[in-house]
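Copied over from Swiss-Prot:
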BINDING   His83, His213, His217  Zn(2+) binding site
CARBOHYD  Asn256  N-linked glycosylation site
TRANSMEM  34-54  transmembrane segment
TRANSMEM  61-81  transmembrane segment
TRANSMEM  96-116  transmembrane segment
TRANSMEM  124-144  transmembrane segment
TRANSMEM  148-168  transmembrane segment
TRANSMEM  183-203  transmembrane segment
TRANSMEM  214-234  transmembrane segment
Amino acid sequence: MDSSSISRWFEYESGHAWCESAYKYQTLPYVAEFANTCTNLPIIVLPLVNIMLLRRYLHDVNGGLVFPQLLLTFNGLASTYYHATLNLFGQLVDELSLVWIITVFLVVYIPVMKWFPERFSKRLTVVRWVVLIVTAVVSALCFLEPNLNAIALMLFSIPAAVVIRYEGKQSGIPDIENFPSRILALWGVAFSFWFADRLLCDFWLYLGTPYLHALFHLLAGLAGYTIFIMFSMIDIESRSKTHRYTAAVRYFPDKNGSIFSFPYISLKERSQ
C-alpha cells in the first residue's frame with residue numbers, strides 16, 4: 001500500500017458526511033460537525049460512571065466487566081474524532097469499535113447468560129477464542145473493503161437484540177424486568193433518527209434543524225449504557241454466592257425511572 005493510499009484514509013471529509021455537514025465548520029473552524037461531535041460526551045462518560053460505581057465488585061469479583069465498558073468509552077472518542085474530521089479512518093474505527101463492543105461483551109458476559117447451552121460450558125475458552133478470531137478476521141477485511149462493516153454490524157446487532165430481550169426477561173431480577181423494553185424503545189427511536197437524518201436531509205435543512213444524528217448519539221448512548229447496567233446486575237446476581245455484595249437499580253434525576261432518566265447501580269456490602 002503506497003503513501004497516497006494511506007493518506008486517503010486521513011484526508012478531511014473522505015468519510016461519510018451527515019446532514020449537519022451542511023453547516024460544517026461554522027461553530028468551530030476545526031470541527032466539521034459540531035453537534036454530532038459534542039453529543040458523544042455521554043457515550044464517553046456514562047460507562048466510566050458505571051465502572052466507578054462498581055469498582056469494589058470489579059476489584060473483588062469480576063474485573064473482566066471493565067473491558068466492554070471501556071470499549072464503549074473508546075467508541076465515543078472514536079466517534080468524536082470521526083465527526084470532527086469526517087475522515088475515512090475515523091469512520092471505520094468508529095464503526096469497527098461497535099463490532100468489538102458486541103464481541104467483547106459476549107466474551108465477558110457469556111458465562112452468566114441463560115441462552116448459552118450448559119453442555120458447552122466446559123469449552124467456554126474455545127468458544128471465546130472462536131468469537132475473537134472471527135471478529136479479528138472481519139475487522140481486517142473491513143479495512144480492505146470498508147462497506148463490509150455495515151454488513152458486520154447488521155449480522156451482530158440483530159441477534160444481540162434477541163439476546164437482550166431474552167436475558168432480561170429470564171433474569172428473575174425485578175429491578176431490570178422492564179429493561180429490555182426500555183433498551184429496545186431507546187434503540188428504536190435512535191435508529192429512526194439515524195435513518196431520517198440520512199434519508200430526509202433536505203427536509204431537515206429546510207427546517208434549519210439537521211441535528212437528528214446528534215439525537216441518535218444521545219439516545220443510543222443511553223441505550224448502550226442501560227445494557228451494561230442490566231448485564232452488570234445479572235452478573236452480580238448470578239455470582240451472589242461467591243461475594244458479599246447486594247445491588248439495586250436507582251434512577252437520576254427522576255427517581256421513578258422515566259424513559260429518559262439515567263439508571264445506576266447502588267452497590268452495598270451485605271450486613272454480617
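All residue numbers here begin at 1 and follow the chain in the order shown.
The backbone N, Cα and C atoms fix where each Cβ goes, and this holds for glycine too.
Feature annotations (Swiss-Prot) mapped to structure.
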| residue | record | DSSP class |
| --- | --- | --- |
| His83 | Zn(2+) binding site | helix |
| His213 | Zn(2+) binding site | helix |
| Asn256 | N-linked glycosylation site | coil |
What Cα-Cα separation, expressed in whole Å, is found between the residue listed as 'N-linked glycosylation site' and His217 (Zn(2+) binding site)?
24
Neighbours of His83, His213, His217 excl. site residues, C-beta within 8 Å of centre, Zn(2+):
Trp18, Glu20, Glu33, Ala35, Asn36, Thr37, Thr39, Asn40, Ser79, Ala214, Phe216
So which residues does the transmembrane segment (124-144) touch in its own chain, when a touch means Cβ under 8 Å and the partner is 6 or more beyond its ends?
92, 95-96, 99-100, 103, 106-107, 110-111, 152
Is the transmembrane segment (214-234) packed against any residues at least 6 beyond its ends, judged by a Cβ distance under 8 Å, and which are they?
20, 35-36, 38-40, 42-43, 46-47, 50, 54, 65, 68-69, 72, 76, 79, 101, 105, 109, 112-113, 164, 167-168, 171, 173, 175-176, 179-180, 182-183, 186-187, 189-191, 193-194, 197, 247, 249, 260, 262-265
By Cβ count within 10 Å, point out the most packed of the binding-site residues listed: His83, His213, His217.
His83
Would you mind checking how many other C-beta atoms are within 10 angstroms of the C-beta on Asn256 (N-linked glycosylation site)?
6
